[in-house]
Amino acid sequence: MEDVEARFAHLLLPIRDLTRNWEVDVAAQLGEYLEELDQICISFDKGKTTMNFIEAALLIQGSACVYSKKVEYLYSLVYQALDFISGKKQAKQLSSTPEDGTIGDASSRAPQEAEQKFRALDDLSDSCANVDLRDDQVVSGTLIPLLPNALVAPDEMEKNSNPLYSCQGEVLASRKDFRVNTCTPHPRGTFLLEPLGVSLMEALQPWNPKEPGRAEEQPMEVSVCGSPGPALSTSQEPGSSPEGPVPRGGGVGEDEEDAEGAAEPPEASAPEVPMEPPEPRSPEQSVAQPRRYTLRERKEAPEPASRLKDTPDPWQGLDPFDSPDSKPFRKGRPYSVPPRVEEAPGQKRKRKGAVKLQDFHQWYLAAYADHTDSRRSRRKGPSFADMEVLYWKHVKEQLETLRKMQRREAAERWLPRAEQGLWPVEEDRLEDSVEDLGAADDFLEPEEYAEPEGAEPGEDADMEAEAMPASLRYEELVQRNVELFVTASKQDVFVTTSRQELVQETELKQHIRGWEDAIQSLLQEQEEHVPFDIHTYGDQVVSRFSQLNQWCPFAKLVAGQPAFEVCRSMLASLQLANDYTVEITQQPGLEAAVDTMSLRLLTHQRARQRFQTYAAPSTVQP
């Protein structure tokens, strides 16, 4: 066994050296380090100020809480201000637009605002007989109403339960985002946040006789003449009943006179007087007042059960398997274009006849325009797709023909057409188009192709013809016009582009442009700097010391250098202090220690040189 160990001793030696290097009691060293940290006390100003990390942490936490509360309070104040502004605007809009639609002056608007500010609660049907009110009762606290469930923001799980997808598969919204799914619908069409407010809203809603929906609920009576009118009741004297005996007489003639008097409209008998709430009066005053007619209040008649059954529920779900009601067949009116107005697309292979197609405009004016003959009924205009396509197709052709005619008239003033014989084929086309346009003067609007007012046709062409010599040939004339056109187009494009740039140049873009200019200059300056090598700058700092163990201020070492060079020298000095090449010191005190850094050179040997010549214990020969 000893021979085997001696044989492989050179292989076991590196492993033993490696295990010897790792035989370190980490737990003991960590315990000693924690004990030293527990005994260390950080103080400033020669022990006057002691650093307590627990108090500092609590102070930072409290400051963060205070500032967060301030931010939340400011957030709520902003929302309150927005609600106040929106409510003020709504109040102004309501006060400026009365019910009758007329806009009054400021003097008449003030009492309306005062009336609309508070709602009268005298028309509530609840009895208040058993309620005792105490003046000296102390209010225990302010009751905050709960937020309705419809206004509570849903969580992420509720939002993702039934999402609404688009055609491309994107999530557009959730089911809770629509009020129709979170609120309770009222029969009048209002969405209520809670169903508890239905009866209260009906009780608070005033009765308006002008409302069209309540017209049929007003009690009506039929007079003798057969015309319906509102039910009237007479104010009787005290002690007399409305169902008392009929007064004297009672003949047929008197009844007819009473019927004629009742049939007269109220406007003819007495002027209109605005209704006012009755005031409490004494019996003597009521006896002295003459008898007057007033509207008698009647209870609303309940709707018959048959009408309630016939009215469908708009919110009731439909049965997908229910057979729909059969609707009667309605015969439609066919529309067709005459065969001689447009060529049929399916007759290419057939032999065409010698029949000439009828002009579309002549047929259209004869069929749909106004007729002088009143005995012939006027047809309706084009109302189907094929007719619309054909109509606008011919309109575009006519407009294009008119533009060609105007250009030709302008060119005829300085181009002799008869001598040079230009455009022989187009002449025939224009002549045919002019003949067709003769019957369609009222078919096209002249404003679409007319020249601006104050400018005679061909005025620009006359000026150009006067400036041109008579010896120019047609080719030279065309080249000159093309060059002028290209030059003018370039100028127009340049002017348009510059205008668009000026319009789009906003204040934000100006700030961005200034920031880009500043950043570009800084980046260019950074690119010109020499690459940073901490060892090179460390050698420069060491070379500035004249001898060992001599204190030298850092400001003296970096005097006259730019800011980025000072920063690099500072980093190199810290690295030298970490390698125990130099020693750093400063004056005591917080404020007094500013800019008092001094260095002392300990050795000329570099730490990187020691690492370069370092050899592991295992590699060293014993």
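From the backbone N, Cα and C atoms, a Cβ is placed for every residue, glycine too.
Record features (Swiss-Prot):
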- THR19: phosphothreonine (MOD_RES)
- SER95: phosphoserine (MOD_RES)
- SER199: phosphoserine (MOD_RES)
- 207-354: region 'Disordered' (REGION)
- SER223: phosphoserine (MOD_RES)
- SER227: phosphoserine (MOD_RES)
- 262-273: compositional bias 'Low complexity' (COMPBIAS)
- SER282: phosphoserine (MOD_RES)
- 294-312: compositional bias 'Basic and acidic residues' (COMPBIAS)
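THR19 (phosphothreonine) is 94 Å away from SER95 (phosphoserine) when you measure Cα to Cα.
The number of other CB atoms found within 10 A of the CB of SER95 (phosphoserine), across every protein chain shown, is 17. Counted within 10 Å of its Cβ, the other Cβ atoms near THR19 (phosphothreonine) come to 9, all protein chains included.
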